[in-house]
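J.: TrEMBL feature annotations, pasted as is:
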COMPBIAS  26-46  compositional bias 'Low complexity'
COMPBIAS  322-360  compositional bias 'Low complexity'
DOMAIN    75-171  domain 'Cytochrome oxidase subunit II transmembrane region profile'
DOMAIN    172-314  domain 'Cytochrome oxidase subunit II copper A binding'
REGION    26-75  region 'Disordered'
REGION    317-360  region 'Disordered'
SIGNAL    1-20  signal peptide
TRANSMEM  101-122  transmembrane segment
TRANSMEM  143-164  transmembrane segment
Amino acid sequence: MKLIAWAIALAAAGLTPAAAQSPQAAQPQAATAAEAAAQPTVANAPGGSTAPANPEAVAMTATGPGHAAPTEVGVPRKSGIGIQEQVTDIGHYAANFHNNWLLLLCVVISLFVLGLLCLALVKFRRGANPTPSRTSHNTVLEVVWTLVPVLILVAIAIPSMRLLSKQYNPPPADLTVKVVGNQWFWTYSYPDNGGFEIVSNQLKEQKDVKPGDRYRTDKDGPPMLAVDERMVIPAGKVVKFLVTSNDVIHAFWVPAFWSKIDANPGQVNQMWVKVDRPGVYFGQCTELCGARHGYMPTAVEVVPPEQFAAWVASKGGTMPGAKPAAAPAAAPAATPAAASAEAQPAAPQPATNQAATAQN
Ligand SMILES: [Cu+2]
(Lines of atoms letter the chains of each structure in order from A and count residues from 1; the text may use other names and numbers.)
(Lines give C-alpha, C1' and ligand atoms only; values in the text may rest on other atoms or scores of the structure.)
Protein backbone atom coordinates (compact mmCIF):
# COMPACT_ATOMS: atom_id res chain seq x y z
CA MET A 1 0.00 0.00 0.00
CA LYS A 2 2.84 2.31 0.99
CA LEU A 3 4.59 1.47 -2.29
CA ILE A 4 1.50 2.38 -4.34
CA ALA A 5 1.18 5.71 -2.51
CA TRP A 6 4.82 6.50 -3.29
CA ALA A 7 4.33 5.58 -6.95
CA ILE A 8 1.28 7.86 -7.23
CA ALA A 9 3.13 10.74 -5.55
CA LEU A 10 6.12 10.33 -7.88
CA ALA A 11 3.93 10.16 -10.98
CA ALA A 12 2.02 13.28 -9.94
CA ALA A 13 5.26 15.18 -9.37
CA GLY A 14 6.49 14.26 -12.86
CA LEU A 15 3.26 14.98 -14.74
CA THR A 16 2.10 18.33 -13.41
CA PRO A 17 1.90 21.12 -15.99
CA ALA A 18 4.31 23.17 -13.88
CA ALA A 19 6.90 20.43 -14.14
CA ALA A 20 6.20 20.11 -17.84
CA GLN A 21 6.75 23.81 -18.39
CA SER A 22 9.80 24.23 -16.20
CA PRO A 23 12.61 25.91 -18.14
CA GLN A 24 15.13 23.40 -19.40
CA ALA A 25 18.79 24.01 -19.97
CA ALA A 26 19.49 25.24 -23.45
CA GLN A 27 21.07 22.93 -26.00
CA PRO A 28 23.54 24.56 -28.32
CA GLN A 29 22.91 23.50 -31.93
CA ALA A 30 26.05 23.78 -33.97
CA ALA A 31 24.41 23.04 -37.34
CA THR A 32 21.79 25.76 -37.09
CA ALA A 33 24.25 28.23 -35.63
CA ALA A 34 26.46 27.65 -38.66
CA GLU A 35 23.49 28.38 -40.94
CA ALA A 36 22.91 31.62 -39.09
CA ALA A 37 26.51 32.60 -39.52
CA ALA A 38 26.25 31.92 -43.26
CA GLN A 39 23.35 34.33 -43.64
CA PRO A 40 24.51 37.88 -44.18
CA THR A 41 21.39 39.56 -42.81
CA VAL A 42 19.67 37.18 -40.49
CA ALA A 43 17.08 39.57 -39.19
CA ASN A 44 15.92 40.75 -42.62
CA ALA A 45 16.14 37.51 -44.59
CA PRO A 46 12.75 35.98 -45.48
CA GLY A 47 11.86 33.64 -42.67
CA GLY A 48 15.40 34.08 -41.42
CA SER A 49 15.32 32.99 -37.83
CA THR A 50 17.09 29.66 -38.10
CA ALA A 51 19.44 30.21 -35.18
CA PRO A 52 19.77 33.85 -34.36
CA ALA A 53 22.48 35.17 -32.09
CA ASN A 54 19.82 37.02 -30.17
CA PRO A 55 16.55 35.19 -30.79
CA GLU A 56 14.54 37.76 -28.90
CA ALA A 57 15.73 40.62 -31.09
CA VAL A 58 15.06 38.66 -34.27
CA ALA A 59 11.58 37.70 -33.12
CA MET A 60 10.76 41.37 -32.77
CA THR A 61 12.16 42.44 -36.15
CA ALA A 62 11.83 39.44 -38.48
CA THR A 63 9.56 39.94 -41.46
CA GLY A 64 8.68 38.05 -44.60
CA PRO A 65 7.31 34.55 -45.13
CA GLY A 66 7.12 32.60 -41.90
CA HIS A 67 6.66 35.72 -39.80
CA ALA A 68 3.28 37.14 -40.79
CA ALA A 69 1.07 38.46 -38.03
CA PRO A 70 -1.93 36.20 -37.35
CA THR A 71 -5.35 37.33 -38.56
CA GLU A 72 -8.84 36.64 -37.27
CA VAL A 73 -9.00 33.40 -39.23
CA GLY A 74 -7.14 30.27 -38.15
CA VAL A 75 -7.13 31.07 -34.44
CA PRO A 76 -9.62 30.15 -31.73
CA ARG A 77 -11.87 33.02 -30.62
CA LYS A 78 -12.65 33.87 -27.05
CA SER A 79 -16.17 32.66 -26.17
CA GLY A 80 -16.50 31.41 -29.74
CA ILE A 81 -18.89 28.58 -30.49
CA GLY A 82 -19.23 26.28 -33.45
CA ILE A 83 -16.65 25.15 -35.95
CA GLN A 84 -13.70 27.42 -36.75
CA GLU A 85 -14.01 29.28 -40.06
CA GLN A 86 -12.87 26.90 -42.79
CA VAL A 87 -10.40 27.75 -45.55
CA THR A 88 -10.36 24.56 -47.64
CA ASP A 89 -13.02 23.14 -49.97
CA ILE A 90 -13.31 20.05 -47.79
CA GLY A 91 -13.70 22.29 -44.75
CA HIS A 92 -16.47 24.30 -46.40
CA TYR A 93 -18.31 21.12 -47.37
CA ALA A 94 -17.89 19.57 -43.94
CA ALA A 95 -18.87 22.72 -42.01
CA ASN A 96 -21.93 23.14 -44.22
CA PHE A 97 -22.85 19.47 -43.67
CA HIS A 98 -22.49 19.91 -39.92
CA ASN A 99 -24.14 23.30 -39.50
CA ASN A 100 -26.96 23.08 -42.02
CA TRP A 101 -27.81 19.42 -42.07
CA LEU A 102 -26.62 17.42 -39.03
CA LEU A 103 -27.48 20.17 -36.56
CA LEU A 104 -30.86 20.72 -38.23
CA LEU A 105 -31.64 16.99 -38.03
CA CYS A 106 -30.63 16.91 -34.36
CA VAL A 107 -32.89 19.85 -33.52
CA VAL A 108 -35.88 18.43 -35.42
CA ILE A 109 -35.50 14.96 -33.85
CA SER A 110 -35.02 16.41 -30.36
CA LEU A 111 -38.09 18.63 -30.69
CA PHE A 112 -40.15 15.71 -32.01
CA VAL A 113 -39.14 13.47 -29.06
CA LEU A 114 -39.77 16.32 -26.61
CA GLY A 115 -43.22 16.82 -28.17
CA LEU A 116 -44.04 13.12 -27.78
CA LEU A 117 -42.96 13.22 -24.14
CA CYS A 118 -45.09 16.25 -23.39
CA LEU A 119 -48.07 14.68 -25.20
CA ALA A 120 -47.71 11.50 -23.15
CA LEU A 121 -47.38 13.47 -19.91
CA VAL A 122 -50.48 15.56 -20.55
CA LYS A 123 -52.86 13.40 -22.58
CA PHE A 124 -52.16 10.04 -20.98
CA ARG A 125 -51.78 11.08 -17.36
CA ARG A 126 -53.93 9.17 -14.88
CA GLY A 127 -56.38 12.04 -14.38
CA ALA A 128 -57.12 12.46 -18.09
CA ASN A 129 -56.89 8.82 -19.08
CA PRO A 130 -57.96 6.58 -16.17
CA THR A 131 -58.32 3.43 -18.31
CA PRO A 132 -55.09 2.92 -20.31
CA SER A 133 -55.14 1.27 -23.71
CA ARG A 134 -53.96 -2.34 -23.79
CA THR A 135 -52.83 -2.21 -27.44
CA SER A 136 -49.50 -4.03 -27.83
CA HIS A 137 -49.03 -4.16 -31.64
CA ASN A 138 -49.61 -1.73 -34.47
CA THR A 139 -48.13 -2.85 -37.76
CA VAL A 140 -48.23 0.55 -39.46
CA LEU A 141 -46.56 2.25 -36.49
CA GLU A 142 -43.86 -0.41 -36.28
CA VAL A 143 -43.03 -0.09 -39.97
CA VAL A 144 -42.88 3.70 -39.65
CA TRP A 145 -40.60 3.75 -36.60
CA THR A 146 -38.23 1.33 -38.30
CA LEU A 147 -38.26 2.96 -41.70
CA VAL A 148 -37.91 6.59 -40.60
CA PRO A 149 -34.64 6.04 -38.63
CA VAL A 150 -33.25 4.05 -41.58
CA LEU A 151 -34.03 6.94 -43.91
CA ILE A 152 -32.44 9.40 -41.48
CA LEU A 153 -29.27 7.29 -41.35
CA VAL A 154 -29.15 7.11 -45.15
CA ALA A 155 -29.59 10.87 -45.33
CA ILE A 156 -26.56 11.23 -43.03
CA ALA A 157 -24.51 8.47 -44.66
CA ILE A 158 -24.60 9.86 -48.22
CA PRO A 159 -22.95 13.23 -47.45
CA SER A 160 -20.61 11.49 -44.98
CA MET A 161 -19.35 9.14 -47.69
CA ARG A 162 -18.94 12.07 -50.06
CA LEU A 163 -16.84 13.85 -47.44
CA LEU A 164 -14.67 10.79 -46.82
CA SER A 165 -14.22 10.34 -50.55
CA LYS A 166 -13.05 13.96 -50.89
CA GLN A 167 -10.61 13.52 -48.01
CA TYR A 168 -9.10 10.26 -49.21
CA ASN A 169 -9.00 10.84 -52.98
CA PRO A 170 -6.48 13.63 -53.22
CA PRO A 171 -5.76 15.41 -56.49
CA PRO A 172 -2.14 15.25 -57.75
CA ALA A 173 0.08 17.06 -55.27
CA ASP A 174 2.01 20.22 -56.12
CA LEU A 175 4.09 19.96 -52.95
CA THR A 176 4.82 17.27 -50.37
CA VAL A 177 5.63 18.02 -46.75
CA LYS A 178 6.72 15.30 -44.38
CA VAL A 179 5.29 15.88 -40.91
CA VAL A 180 6.88 14.03 -38.01
CA GLY A 181 5.53 14.09 -34.45
CA ASN A 182 8.01 13.95 -31.59
CA GLN A 183 7.61 14.20 -27.83
CA TRP A 184 6.83 17.15 -27.84
CA PHE A 185 7.43 19.10 -31.01
CA TRP A 186 6.91 18.75 -34.75
CA THR A 187 9.44 18.55 -37.55
CA TYR A 188 8.54 19.43 -41.13
CA SER A 189 10.69 18.42 -44.10
CA TYR A 190 10.33 19.35 -47.73
CA PRO A 191 11.47 16.44 -49.96
CA ASP A 192 10.48 18.29 -53.17
CA ASN A 193 12.68 21.23 -52.21
CA GLY A 194 15.99 19.62 -51.42
CA GLY A 195 14.87 17.82 -48.30
CA PHE A 196 15.56 20.57 -45.75
CA GLU A 197 13.91 20.16 -42.38
CA ILE A 198 12.59 22.66 -39.86
CA VAL A 199 11.94 22.01 -36.19
CA SER A 200 8.88 23.65 -34.69
CA ASN A 201 8.75 24.23 -30.94
CA GLN A 202 6.15 26.03 -28.88
CA LEU A 203 7.13 29.55 -27.83
CA LYS A 204 6.94 30.15 -24.10
CA GLU A 205 5.74 33.28 -22.36
CA GLN A 206 8.24 35.94 -21.29
CA LYS A 207 7.89 35.02 -17.62
CA ASP A 208 8.77 31.39 -18.38
CA VAL A 209 12.08 31.96 -20.19
CA LYS A 210 15.52 33.06 -19.08
CA PRO A 211 16.54 36.66 -19.85
CA GLY A 212 17.68 36.91 -23.46
CA ASP A 213 15.78 33.83 -24.62
CA ARG A 214 13.10 34.20 -27.22
CA TYR A 215 9.56 34.36 -25.95
CA ARG A 216 6.11 34.63 -27.51
CA THR A 217 4.81 37.97 -28.75
CA ASP A 218 1.38 38.70 -30.22
CA LYS A 219 2.98 38.71 -33.67
CA ASP A 220 3.92 35.06 -33.17
CA GLY A 221 0.37 34.05 -32.29
CA PRO A 222 -1.85 33.37 -29.30
CA PRO A 223 -0.52 31.85 -26.06
CA MET A 224 -0.03 28.08 -26.19
CA LEU A 225 -0.30 28.08 -30.01
CA ALA A 226 2.64 30.21 -31.17
CA VAL A 227 5.76 28.40 -32.40
CA ASP A 228 9.32 29.46 -33.20
CA GLU A 229 9.32 27.98 -36.72
CA ARG A 230 6.10 27.72 -38.69
CA MET A 231 5.41 25.33 -41.52
CA VAL A 232 5.12 27.45 -44.67
CA ILE A 233 3.09 26.31 -47.68
CA PRO A 234 2.03 28.05 -50.90
CA ALA A 235 -1.51 29.33 -51.41
CA GLY A 236 -3.67 27.75 -54.11
CA LYS A 237 -1.51 24.62 -54.37
CA VAL A 238 -2.36 21.05 -53.46
CA VAL A 239 -0.13 20.14 -50.53
CA LYS A 240 0.26 16.51 -49.51
CA PHE A 241 1.26 15.80 -45.91
CA LEU A 242 3.03 12.52 -45.18
CA VAL A 243 2.49 12.13 -41.47
CA THR A 244 4.40 9.85 -39.12
CA SER A 245 5.94 9.82 -35.65
CA ASN A 246 9.30 9.21 -34.04
CA ASP A 247 8.01 7.91 -30.72
CA VAL A 248 4.35 7.64 -29.66
CA ILE A 249 1.07 8.35 -31.46
CA HIS A 250 0.46 12.04 -32.11
CA ALA A 251 -2.18 13.60 -34.36
CA PHE A 252 -1.74 16.39 -36.88
CA TRP A 253 -4.60 18.83 -37.05
CA VAL A 254 -5.21 22.40 -38.10
CA PRO A 255 -8.89 23.15 -37.38
CA ALA A 256 -9.31 25.66 -40.22
CA PHE A 257 -8.18 22.98 -42.73
CA TRP A 258 -10.70 20.47 -41.33
CA SER A 259 -8.76 17.23 -41.91
CA LYS A 260 -6.98 15.53 -39.04
CA ILE A 261 -4.76 12.47 -39.12
CA ASP A 262 -2.84 10.31 -36.67
CA ALA A 263 0.95 10.34 -36.66
CA ASN A 264 1.82 6.71 -35.94
CA PRO A 265 5.36 5.44 -35.39
CA GLY A 266 6.40 3.06 -38.16
CA GLN A 267 3.56 4.07 -40.45
CA VAL A 268 3.05 6.89 -42.92
CA ASN A 269 -0.43 8.40 -43.14
CA GLN A 270 -1.47 10.84 -45.79
CA MET A 271 -3.53 14.00 -45.70
CA TRP A 272 -3.90 16.84 -48.17
CA VAL A 273 -5.00 20.45 -48.20
CA LYS A 274 -5.43 23.25 -50.69
CA VAL A 275 -5.68 26.62 -49.06
CA ASP A 276 -6.41 29.60 -51.27
CA ARG A 277 -6.37 32.22 -48.55
CA PRO A 278 -2.97 33.33 -47.23
CA GLY A 279 -2.81 33.52 -43.46
CA VAL A 280 -1.54 31.88 -40.31
CA TYR A 281 -3.44 28.85 -39.12
CA PHE A 282 -2.93 27.28 -35.71
CA GLY A 283 -3.63 23.80 -34.41
CA GLN A 284 -2.54 21.38 -31.72
CA CYS A 285 -1.55 17.76 -31.37
CA THR A 286 -4.83 15.95 -30.82
CA GLU A 287 -3.66 12.58 -29.55
CA LEU A 288 -2.80 12.29 -25.87
CA CYS A 289 0.94 11.76 -26.25
CA GLY A 290 2.49 12.25 -22.84
CA ALA A 291 3.17 14.84 -20.17
CA ARG A 292 3.66 17.78 -22.57
CA HIS A 293 0.92 16.80 -25.01
CA GLY A 294 -0.70 20.19 -24.46
CA TYR A 295 2.49 22.01 -25.41
CA MET A 296 3.06 20.90 -29.00
CA PRO A 297 1.09 23.26 -31.21
CA THR A 298 1.08 23.38 -34.99
CA ALA A 299 1.34 26.64 -36.92
CA VAL A 300 1.02 26.72 -40.69
CA GLU A 301 1.58 29.91 -42.65
CA VAL A 302 0.05 30.03 -46.12
CA VAL A 303 1.82 32.51 -48.42
CA PRO A 304 1.64 33.41 -52.13
CA PRO A 305 3.75 31.01 -54.26
CA GLU A 306 6.50 33.58 -54.96
CA GLN A 307 6.94 34.20 -51.22
CA PHE A 308 7.06 30.46 -50.69
CA ALA A 309 9.95 30.22 -53.15
CA ALA A 310 11.77 32.99 -51.24
CA TRP A 311 11.18 31.18 -47.95
CA VAL A 312 12.48 27.89 -49.41
CA ALA A 313 15.61 29.69 -50.63
CA SER A 314 16.10 31.24 -47.18
CA LYS A 315 16.11 27.74 -45.69
CA GLY A 316 18.71 26.52 -48.19
CA GLY A 317 16.19 24.61 -50.29
CA THR A 318 15.43 24.73 -54.00
CA MET A 319 12.25 24.87 -56.05
CA PRO A 320 11.59 21.86 -58.33
CA GLY A 321 13.16 22.47 -61.74
CA ALA A 322 15.32 25.32 -60.47
CA LYS A 323 19.07 25.00 -60.49
CA PRO A 324 20.53 24.88 -57.01
CA ALA A 325 21.87 28.28 -56.05
CA ALA A 326 25.60 28.59 -55.68
CA ALA A 327 26.73 28.53 -52.09
CA PRO A 328 27.03 32.09 -50.86
CA ALA A 329 30.59 33.33 -50.59
CA ALA A 330 31.86 34.31 -47.19
CA ALA A 331 29.61 37.27 -46.61
CA PRO A 332 30.81 40.44 -44.98
CA ALA A 333 29.44 41.16 -41.54
CA ALA A 334 26.72 43.41 -42.87
CA THR A 335 24.74 43.73 -39.68
CA PRO A 336 25.51 43.67 -36.00
CA ALA A 337 23.32 40.55 -35.71
CA ALA A 338 25.38 38.67 -38.29
CA ALA A 339 28.61 39.89 -36.77
CA SER A 340 27.67 38.61 -33.36
CA ALA A 341 26.46 35.35 -34.88
CA GLU A 342 29.91 34.79 -36.35
CA ALA A 343 31.60 35.81 -33.16
CA GLN A 344 29.54 33.32 -31.17
CA PRO A 345 28.98 30.32 -33.42
CA ALA A 346 27.34 28.27 -30.68
CA ALA A 347 24.73 30.75 -29.54
CA PRO A 348 22.42 29.12 -27.01
CA GLN A 349 19.00 28.12 -28.28
CA PRO A 350 15.91 28.99 -26.28
CA ALA A 351 14.72 26.33 -23.88
CA THR A 352 12.27 24.26 -25.90
CA ASN A 353 10.43 21.01 -25.79
CA GLN A 354 12.98 19.68 -28.25
CA ALA A 355 15.86 20.63 -25.96
CA ALA A 356 14.04 19.07 -23.06
CA THR A 357 13.50 15.86 -25.01
CA ALA A 358 17.15 15.69 -25.99
CA GLN A 359 18.04 15.92 -22.33
CA ASN A 360 15.68 13.18 -21.23
CU1 LIG B 1 1.52 14.79 -29.56
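Yeah, the Cβs are placed from backbone N, Cα and C, and that goes for glycine too.
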J.: Take the transmembrane segment (101-122) and find every residue of the same chain, 6 or more past its ends, with a Cβ under 8 Å from one of its Cβ atoms.
T.: 128, 152, 155-156, 159
J.: For the domain 'Cytochrome oxidase subunit II copper A binding' (172-314), what is the mean per-residue pLDDT, to the nearest integer?
T.: 93
J.: Could you give me three numbers for the domain 'Cytochrome oxidase subunit II copper A binding' (172-314), the DSSP helix, strand and coil residue counts?
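T.: Across the domain 'Cytochrome oxidase subunit II copper A binding' (172-314), the residues distribute as 22 helix, 61 strand, 60 coil.
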J.: Using DSSP, tally how many residues of the domain 'Cytochrome oxidase subunit II transmembrane region profile' (75-171) sit in helix, strand and coil.
T.: 65 helix, 0 strand, 32 coil
